[in-house]
Amino acid sequence: MKYWFFSCLWLNQCWDMFGNPAFKRKGVVDDTGAVIVQTAPGKVVTHRGGTITLPCRYHHEPEDVDPKRIRIKWTKVSDAFQFEDVFVALGRQQKAFGSYRGRVSLERAGPGDASVIIHNITLQDYGRYECEVTNDMEDDTGFVNLDLEGVVFPYYPPSGRYKLNYHQAEEVCRQQDAILASHAQLHKAWLEGLDWCNAGWLEDGSVQYPISHPRDQCGHKDSPPGVRNYGYRHKDDERYDAFCFTSNLNGHVYFLKRFKKVNYLEAVKACQRDNAVIAKVGQLYAAWKIQLLDRCEAGWVEDGSIRYPIINPRARCGGPEPGVRNLGFPDKKFRLYGVYCFRRNTYVQSTQSPKETTTKPANSTRSI
């Protein structure tokens, strides 16, 4: 059962509006057979393609409960209070849902362990997870935040600045091998020096932008640095840029060495002849941030823009700061540049996750 904060005194335990167990009162002993869940504070961190354990343990007071009667359920909770079923287990029965099928299993590290292992992490796995353990009519919950190593980048389409509603922003990020960034991801990027003077959508439907060096008409010159927030905007009618987030690559980005420069269509074909594809913007940013790609040569990328990644700024190489330089969207037919290609790794990583089982525990009449 989830208790709200105004029930604290009656229940002898305090919860915030999210049901966070970190707000429970200490030293209170419950002799009714209640289940008590404990999760790790802070967050767990991995990268796209990795494997991570979401830690969750439970015990009972008193300890006299049949393990076959324990139901474990994991749910993903979005900032908009939307709930997505991830995994449920009752005795030997286990079931994963949606995109988590075949990737999630119980850790089974001993009695009282409700932790789950997620294999082949995707960008969409980022977020907050609820671990709920139920014993008949008693239950308790804990929360685990899953973070991904990666990079936030601002994006606007060839049509220009402030052309995207929320749904279009989601789509352009997806097309560039990314997702809309969260506020926490944007704030971390700002702490690392991201400075961008155009407002963009975030995944929660808010519009924000990071300013490290306030200046006239860009965060107000006399205001302190920070992440400016326009609040939640109308997802269909209002238009801004997008802040996208991407993570580790299952492959590598490289500048294709050629004797002559090419137009966009020739660039696409050149990568294909090299057993690769033209790189997406998110892939170029990930290569710059994670693979430390440094190349002072402008080249086509998938969306028709011209970009190049700089780790070590130097003279005649696009300014004093590291970053991915953007030269805009030139004429695809007549302008000639180099090209950045992406070649996927050929090996297939085995998740080694157990097959989903629907074996019914003996003498059980409860539904999973």
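Using N, Cα and C of the backbone, Cβ positions are placed for all residues, glycine too.
TrEMBL annotations:
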type	residues	note
DOMAIN	21-147	domain 'Ig-like'
DOMAIN	151-246	domain 'Link'
DISULFID	C197-C218	disulfide bond
DOMAIN	251-343	domain 'Link'
DISULFID	C296-C317	disulfide bond
Return the count of C-beta atoms lying within 10 angstroms of the C-beta of C197 (disulfide bond), excluding that atom itself. 15
Treating G and I as helix alongside H, and B as strand alongside E, what does DSSP give for the domain 'Link' (151-246) in helix, strand and coil? 19 helix, 33 strand, 44 coil
Using DSSP, how many residues in the domain 'Ig-like' (21-147) fall into helix, strand and coil? 12 helix, 65 strand, 50 coil
C296 (disulfide bond) to C197 (disulfide bond), Cα to Cα, whole Å, comes out at 24
Between C197 (disulfide bond) and C317 (disulfide bond), find the distance joining the two CA atoms and give it rounded to the nearest Å. 22
Quick one: give me the count of other CB atoms within 10 A of the CB of C218 (disulfide bond). 16
At the Cα level, what's the spacing in Å between C317 (disulfide bond) and C218 (disulfide bond), rounded? 25
